[in-house]
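Taken verbatim from TrEMBL:
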type	residues	note
TRANSMEM	43-67	transmembrane segment
TRANSMEM	73-92	transmembrane segment
DOMAIN	128-255	domain 'Palmitoyltransferase DHHC'
TRANSMEM	171-194	transmembrane segment
TRANSMEM	214-235	transmembrane segment
Amino acid sequence: MMITPVHRFRDIERTPEYLQPEKCVPPPSRASLGTMWFIRDGCGIACAVVTWMLVFYADFVVLLVMLVPSRDYVYSVINGTLFNTLAFLALASHFRAMLTDPGAVPKGNATKEFIESLQLKPGQVVYKCPKCCSIKPDRAHHCSVCKRCIRKMDHHCPWVNNCVGENNQKYFVLFTMYIALISLHALIMVGFHFLYCFEEDWTKCSSFSPPTTVILLILLCFEALLFLIFTSVMFGTQVHSICTDETGIERLKNQKPTWEKISGWEGMKLAFGGTFSLGWFNPFSNLNCESPATAGAVAAAPESEIMTQEEIEQFLARDVAIQMLHE
């Protein structure tokens, strides 16, 4: 029998005995679960704090070094309002991306009762994660940092201290977009401020001393340029992933799609929660669209990948079966 790549990575057994459900602890009831999603990872928390501090530093330099000392009141008000609005939206998007459940699969649901309740048909394949002891939907992957299987997991981002998955990809895209915009805005203002200071007296173009002003502006310029490049690339890759309906992990593994692709504009509407509107750019709006493919906890394998019970037993008898998916 020919072994497809899917069989090398996926659990091939469909009976409770093969899945070893007695080793799984039943998941806690919903009443006992907390309402807030937060990953207790030291590196991720540090990166999230650094992100906020860098935004506050940029706001400090923009306001107190460039705009407040400016003699042009209209210029200061317009640019100050625009920059702070974009910065607020960036931090709000970061907050939502960090504290939104990215699409975690219920932990410990691979119990004997649950597997038997699925009423699996002969040849139907279910996937089990040995690390969080859960029945995995199609396209779910285990995150070693979150310690959960995440539906449509793209990657784990330490800067938001969370996985980017089915439920929070919109907020991550908004975060990268707003950070790129405030970085570009800061670079433009730094350029204008340098020109203004070269034409005028350096002691009059800032409330700080000339050396301090130069150092603060150069640091802001370096920060803005770095984050503009980084977030622009991330924004582009995320939009590309949405439009092609292919996550970063699936692209990395060169995984052939076994699902019906929702590409282009329809993918954008699904990721952002409906038809195009201002709500797409609002980090406080909730997603209300759910893909039918991810609604169920069990996915039936395509016909070419289905193994019959007899084939499973023959395959297991050769001691070459890979029991679990290790990611």
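The backbone N, Cα and C atoms fix where each Cβ goes, glycine too.
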Could you pull the average pLDDT for the domain 'Palmitoyltransferase DHHC' (128-255)? 91
Give me the DSSP three-state residue breakdown of the domain 'Palmitoyltransferase DHHC' (128-255), ordered helix, strand, coil. 71 helix, 19 strand, 38 coil
